[in-house]
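A.B. asks: In case it's useful when we look at the structure, here is the feature table from TrEMBL:
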type: ACT_SITE; residues: Tyr163; note: active site
type: ACT_SITE; residues: Asp202; note: active site, proton donor/acceptor
type: ACT_SITE; residues: His301; note: active site, proton acceptor
type: BINDING; residues: Asn63, Glu91, Asp202, Asn204, Asp300, His301; note: Mg(2+) binding site
type: DOMAIN; residues: 60-301; note: domain 'Endonuclease/exonuclease/phosphatase'
type: SITE; residues: Asn204; note: site 'Transition state stabilizer'
type: SITE; residues: Asp275; note: site 'Important for catalytic activity'
type: SITE; residues: His301; note: site 'Interaction with DNA substrate'
Amino acid sequence: MSASAKVTASTTVSTTTSVTSSTTTTVTATKRTYSIFLPNAGKSKVEAKKRKPNEPLKILSWNVAGLRACIKKKCVENLQKCDADIIFLQETKCEAFPDEVAALPYPFKYLVPSKVKKGHAGVAMLAREKPLKITYGFGEQKFDDQGRWIHAEYENFHVIGTYVINSGDKLQNLPARHEWESHVLSKLTELDKEKPVIYTGDLNVAHEEIDLRNPDANRNKSAGFTDQEREDFTNLLNAGFVDVYRKKNPDEKDCYTYWTYFSNARSRNVGWRIDYFIVSERLYENVLDMKRRPEIHGSDHCPVEMTIKI
């Protein structure tokens, strides 16, 4: 949920890269060059498990709050136990996959670091099945450089992993956050016209009062629970998308995915639900399971996972 996110204007980059057989590809901007890891990056020697025909797809999303730090807390072992077909990670905070992650049995690995601030933000995707195309960012220069968006297109669906801008401890980033949300809404509705969409990650918003422990104390005072952020989320749902966990558990309380490190918040379950799976309405009936994994530690967030027939 990091409250230190800043929006900085940046140079124009190419935001679309088709999958190739190489280990890395280089994307050149006006004044800088950076690397994006592509299939077979790393040292994986274990053959990936393959889904059988008609077998459900399991997708996991986790804000790891720094991939290297999370590794020291059994992140890799936990990812292996989850046995997901696609893994999205947020706040990776690294320029390359650590060896422990590179060795995981996922042939297709993609890492999108921030080019605005080293060691900040960053998203990654690990997949057993080769996407038709990978896109980094949604075509807006000042956001695409921040390492917040990875989009994989498959034969019959789009799937996006994201780390949404935090509005800041003094809400100083709220205008940029609102602009971000308007671009996201436009992009997701555009993609939904082509194929159904799965949108997941740390969305940095508690939509309703039930989604955080102390709504009155945080309303319009804390990033993630302003009227503007909540309205933007409502607008997304009204555009034909479903918050899977809340749809399946409409009255469930205390179902959080983020807990501050302070005041033993996690042990007391004083948290926020800010990590989501959002799907196109026409996909919702295909969802077999959606759950949080609060028993998995290593970050101030817990993983969320969804199993879907697709």
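Yeah, the Cβs are placed from backbone N, Cα and C, and that goes for glycine too.
Note that TrEMBL annotation is computational and uncurated.
Tell me about the surroundings of these features in the structure.
C.D. replies: Cβ-based neighbour count (10 Å, all protein chains) for Tyr163 (active site) stands at 28. When secondary structure is read from DSSP and collapsed to three states, Tyr163 (active site) falls in the strand class.
Reduced to three states, the DSSP call for Asp202 (active site, proton donor/acceptor) is strand. Spatially close to Asp202 (active site, proton donor/acceptor) yet at least six residues away along the chain are Met1, Ser61, Asn63, Gln90, Glu91, Thr162, Tyr163, Val164, Tyr258, Ile274, Asp275, His301, judged by Cβ distances under 8 angstroms.
Under DSSP, His301 (active site, proton acceptor) is assigned to a strand (E or B) in the three-state scheme.
In the structure as shown, the Cβ atom of Asn63 (Mg(2+) binding site) sits within 10 Å of 28 other Cβ atoms.
Under a cutoff of 8 A between CB atoms, and with a sequence separation of 6+ in the same chain, the neighbours of Asn204 (Mg(2+) binding site) are Met1, Tyr163, Val164, Ile165, Asn166, Ser167, Arg177, Ala223, Gly224, Glu229, Ile274.
Annotation note: Asp275 (site 'Important for catalytic activity') sits in a strand segment as assigned by DSSP. The Cβ of Asp275 (site 'Important for catalytic activity') has 24 other Cβ atoms within 10 Å, all protein chains considered.
Around His301 (active site, proton acceptor), taking its Cβ as the centre, 27 other Cβ atoms fall within 10 Å, counting all chains.
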A.B. asks: Indicate the candidate from Glu91, Asp300 with the smallest number of other Cβ atoms within 10 Å of its Cβ, considering only these binding-site residues.
C.D. replies: Asp300
